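*Asks:* Structure provided below as structure tokens; questions to follow.
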């Protein structure tokens, strides 16, 4: 396999007039043939890890999900859903699975709702960019961590908010990163559109990227079924969702609006985002909060759209790292950082939206949480302060047509293969 892959890379390099035994990868970076081949065998390395850590589903126990061997490896689509589905099966009163959208190739994008009957909720998504495996593993570890805390009667973000987790947005692209066909660094979807540039933006890009660019935004906002479907679903939750987190990799950054302009937001919102970012940094460690425009200008991002359209705080977490390829031994460490960030985000969102910093009252019944009151916690741990929900939104809004959230069975088949993104010459793009 390695010889065949090296041979293919060498032929490609010769055909494209590469020199000095280097090749420009799908992410636009020049590497030696040996380095590129090593990166492309990342999937093989993790498949070997799967064999060493098999049978983790049968050993899953409530309160110990983060100890599962599942977190010892990076996983493809079917294994991710199998793990999450097992958590739903073991926690039927807390968890449910729902359909949020479809992909360009017709695959179903699933989400998982964790509820204690709260009136307000938070939304978390990952793997908008296919190559960012550590973003996907981090949201799954956070999901498991919160379930462990609930089982162990520790305070979590779920005490005050229902939580929506979408572990894989870019299913088609993510699938291609496991195929060993030179697409480990695939960023875009199967239609070669950057899903984090396909959202409406109030600022026009003065230099719109061409179709072969990594950040090609598509023909128009919501041209892709992935973004159009997620937006339609979010419209139905307009009054319910009070904060959004988009999890990416890599860089160790906490990015808040705006990305398409360096002008301040105004009305005290810049200061609110600074407070929110500092609060998350205090529990997450080596993360730097900053406006997204301080990284570079970008147009049509999920974060900016969610904040402007739904008038609620939205941030991007860029998981700590130095490459899109990272060792599986870092999964739990990075996941714990994001988990702490999620819990702190819930607490800070309450303040951002004008709520008080008070401990939620205990429910009157011990058998089941009240539909409108979060249960109190008896113990605490670092980065897991109890939180209170934001004030209710008072403006009436007409929602989009309802999107069903009935449990469904995953269908791993795909109708169309993903074509590798053409090589680009700009520096690597993160968010």
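Backbone N, Cα and C atoms are what each Cβ position is placed from, and that goes for glycine too.
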*Asks:* If TrEMBL is the reference, give me the range from 194-224, 225-255, 256-286 marked as region 'Disordered'.
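*Replies:* Feature region 'Disordered' in TrEMBL: residues 194-224.
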*Asks:* Can you count the other CB atoms that lie within 10 A of the CB of residue 318 (active site, proton donor/acceptor)?
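*Replies:* Taking all protein chains shown, residue 318 (active site, proton donor/acceptor) has 23 Cβ neighbours within 10 Å.
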*Asks:* Under DSSP, is residue 318 (active site, proton donor/acceptor) part of a helix or a strand, or is it coil?
*Replies:* strand
